[in-house]
Amino acid sequence: MIKVAVFGAKGRMGAAVCQAVEEAEDTELVGAVDSGDDRSAALGADVIVDFTTPDAVMDNLSWAISHDINTVVGTTGFDDERYQTLRDQLANHPSTGCLVAPNFSIGAVLMMHFAEQAAKFYESAEIIELHHPNKVDAPSGTARTTATKIAAARQEAGLGEVPDATKSQLDGARGAVVDGVHVHGVRLRGLIAHQEVLFGAEGETLTIRHDSMDRVSFMSGVLTGVRGVLDRPGLTIGIEGLLGLE
Ligand code: NAP
């Protein structure tokens with residue numbers, strides 16, 4: 001049995017992780033820590049899963065690494081500087097692993113992977129991300145990451161700019177532009193988290209669509225991370241490698 005503690009255990013994601021860990025046959029929940037709780041409740045865990053806040057996560061990880069506890073991190077707000085801080089801390093704890101994944105939904109990871117594969121074959125590429133109206137940022141992190149991956153694949157394939165003859169437009173009519181890829185955001189009551197990646201060439205289009213209907217969609221990826229981090233010392237970013245997609 002893999003002993004798992006959860007930081008952010010009373011949050012929306014953390015609570016779902018606690019339930020998933022309790023339900024899985026090879027994991028057991030040994031600690032549930034939320035803000036104000038004593039982190040020592042997580043001592044003895046093989047893996048700590050952190051779904052807290054960008055402000056809290058680095059201190060939590062520093063504490064976990066200093067205690068040689070592996071971590072699986074879904075909390076957002078990571079940049080290169082934060083990744084480097086983690087690498088530096090992990091260097092002093094060579095048997096400890098830390099997996100940070102911006103997206104634990106296997107479908108979303110596959111969507112980005114397929115989009116990256118398709119990008120080099122198509123002259124045109126655009127992204128539409130669709131979310132519930134309570135979302136505060138736009139475009140979504142997943143849409144940004146997809147655009148960046150598509151742009152890198154296009155560059156590697158020697159593709160130029162996407163064709164677009166627009167000469168006049170209302171502000172925003174062609175969406176935001178991320179690394180040369182147009183990204184459109186829809187905010188609609190009734191939606192949860194969805195994305196379409198559209199590719200076009202002469203005479204054909206290809207649409208790759210992913211729909212998240214429930215937070216439970218992240219749990220299989222989180223559990224994959226919990227199992228995988230035990231054999232992966234150092235910093236791992238994303239679950240692609242654990243899914244055999246790299
Ligand atoms: P949430 O409902 O606000 O949950 C965060 C929880 O962490 C709250 O209960 C909060 O307590 C607690 N917390 C704050 N500081 C803490 C600390 N130092 N130690 C322990 N617990 C602490 O947020 P959420 O929707 O679950 O999302 C959590 C994070 O996951 C966000 O960064 C979100 O963007 C990210 N996320 C990632 C994925 C992915 O696939 N990677 C998917 C969904 C969400 P208080 O409310 O009392 O402060």
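Keep in mind that glycine also has a Cβ here, set from the backbone N, Cα and C atoms.
Because the structure is a prediction, the values reported are computed rather than measured.
Straight from TrEMBL, the features:
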type: DOMAIN; residues: 2-104; note: domain 'Dihydrodipicolinate reductase N-terminal'
type: DOMAIN; residues: 107-234; note: domain 'Dihydrodipicolinate reductase C-terminal'
type: ACT_SITE; residues: H131; note: active site, proton donor/acceptor
type: BINDING; residues: H132, G141, T142; note: (S)-2,3,4,5-tetrahydrodipicolinate binding site
type: ACT_SITE; residues: K135; note: active site, proton donor
Statement: Among the recorded positions H131, H132, K135, the one whose Cβ has the most other Cβ atoms within 10 Å is H131
Message: Considering every residue in the domain 'Dihydrodipicolinate reductase C-terminal' (107-234), what is the mean pLDDT value?
response: 96
- request: May I ask for the distance between the residue listed as 'active site, proton donor' and G141 ((S)-2,3,4,5-tetrahydrodipicolinate binding site), taken between their Cα atoms and rounded to an integer number of Å?
  value: 11
Message: If you count CB neighbours within 10 Å, which one among the binding-site residues G141, T142 has the smallest count?
response: G141
- prompt: If the (S)-2,3,4,5-tetrahydrodipicolinate site is taken as the center of the Cβ atoms of H132, G141, T142, which further residues of that chain fall within 8 Å of it by their Cβ?
  reply: E129, H131, K135, D137, S140, A143, A193, Q195
